[in-house]
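Novice: The domain 'Pyrroline-5-carboxylate reductase catalytic N-terminal' feature in TrEMBL is assigned to 9-100. Taken from TrEMBL, the feature domain 'Ferric oxidoreductase' covers 271-375. Look at TrEMBL and you will find 197-218, 238-261, 282-302, 339-359, 379-399, 411-429 tagged as transmembrane segment.
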Amino acid sequence: MSRKEQRRRVGILGTGDFSRALAKRLLFSGYDVILGSRKPEKKAMSAIDQCLCNVQLLSVEECIKSASIIFLAVHFDNVKELLTEHVVKLEGKILIDVSNRERPSSVTSNAELVQKMVPRCKVVKAFNVISAYAMENDYNSSSKQVFISSNSEEARDKVANIAKDMNFRPVDFGGLFAARRIEKHPLRLFPEWRGPLGFAVGVFNVWLLFLIYIYYIADSLYKWEQLFVKVLNKAFCLTGITTLSVTYLASSFATVFQIYYGTKHIRFSRWLDKWLKNRKQLGLISFALISIHVIMSVLTMSPTYFSSWYPSTAITVPANLTAPFQLKQGMWMNWKGEAACLVGIIAYVVLCCICATTFPSVTDTLNWREWRFVQSKMGHAALLLSVGHVLVMGLPEWLSKPQIIFKSITFMCSILPWITLLLKLLFSLPCVDRYVMKLRKGWERHEDKCKADCVRPVKHEGYVAIDMNAGKRMSCQDACACPDDKIPMMNIGGSDCACASDDLVLNVP
């Protein structure tokens, strides 16, 4: 057997659905595939799938002997029994664990357990985030990333090359301890969306209760039959513009904190950091809510539902008529309806353009300046147009009945957007913008002061500080003044302070 043929040969332990899909994909990628089974004489791969007629089916022992790279594709409950019998034969071979856990664990991983079973084998965690369907169908649009971790760099490189040959994108996660993160990935259920969705649902309920109060409890303006479309349409609109405002308000909060501290190197609070990271989800949720509002409004566009958008007409028919009476009437929108539709349509089109740039295929075509222009400048323009849409609808009522302005939903929902826009306008002033950009380029307002921070550890007691002033000898007690604090500082090694715990995060520039 030539060296090239030996390099292209791989073995797969297991004959289940994933094993067959993996074997087919490897076979089409130019590899010589061997399947290992405990009872090979009772199974015929070609009878299950004709594409596997060129795949050899051998015993587990013969499969391990024939290949230097082996995929472990059996249920993890059977792994210990399978590997215990072949510990010696697996020495020096690359064993790829594709299993997943039923529950996430931060203590250990399946791959680490496999490494303990066969300590002299190069265990690699990979291909567990690829489903059997995605493995078998190349046209599948799901993610093609393959996360790889192993304590052997050579083994990671070889598995990465296999992933590339199979038309996947390998992602190197480093050592085998990263298998814990990799095994958690298939168990995740929209973790980035839970907070934004919970926020949107909470805001929606608040607005809906407010609408029920002003339309049904305080005044009987609507019938309960109108709750499902007319009232809910308003709730979707109010929640959408509120969520859109919150999306762009996060950056203004971050700017306020940077100006207050006079540096960009101090870490944001956890709530603000999470808020900034969830802006994409908040923006997409607001777009979905506004889309529902647009659809409902189009379907109910009539003088009955939008009476203030159309001129009111009173027709008096004489009591005694001796001749036929014919009435021709055309209902056209007044200026309020025309202006509200125009501004609303433009705002929705701008939001559609912003939403389109979140698709990876579109994002990859934009440079940083173009992407920032769309997400920041066009985003605030869409918010301004949305406020204009609300303003056109509510301004006549505000002027005619100023005493009930705080009961007006158009006024209440525009407060937060106006705050967001005014903050953006303030930070866009040349004098403020130059100062903020100076901070973001690394300038600090108090460079002569100690930049060491007292950091409370998560699990262990004690503080850690680092003296950032070059050439100045300083102890931790002098560097961090923590009055009325009974927890002692830790000074490790001469004039420098080091981490007392791996769980600490230092806020240093």
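Heads up, the Cβ atoms here are built off N, Cα and C, so glycines get one too.
Curation does not apply to TrEMBL; its annotations are automatic.
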Novice: At a threshold of under 8 Å on Cβ distances, which of 197-218, 238-261, 379-399 pairs most often with the transmembrane segment (411-429)?
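Specialist: It is 238-261, which has the most Cβ pairs under 8 Å.
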Novice: Give the residue counts of the domain 'Pyrroline-5-carboxylate reductase catalytic N-terminal' (9-100) per reduced DSSP state, in the order helix, strand, coil.
Specialist: 38 helix, 23 strand, 31 coil
Novice: By a Cβ-Cβ criterion of under 8 Å, what residues six or more beyond either terminus of the transmembrane segment (197-218) are in contact with it?
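Specialist: Hits for the transmembrane segment (197-218): 190, 224, 227, 231-232, 234-236, 238-239, 242-243, 246, 281-282, 285-286, 289, 407, 409, 412-413.
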Novice: What are the DSSP helix, strand and coil residue counts for the domain 'Ferric oxidoreductase' (271-375)?
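Specialist: Counts, helix then strand then coil: 65 helix, 0 strand, 40 coil.
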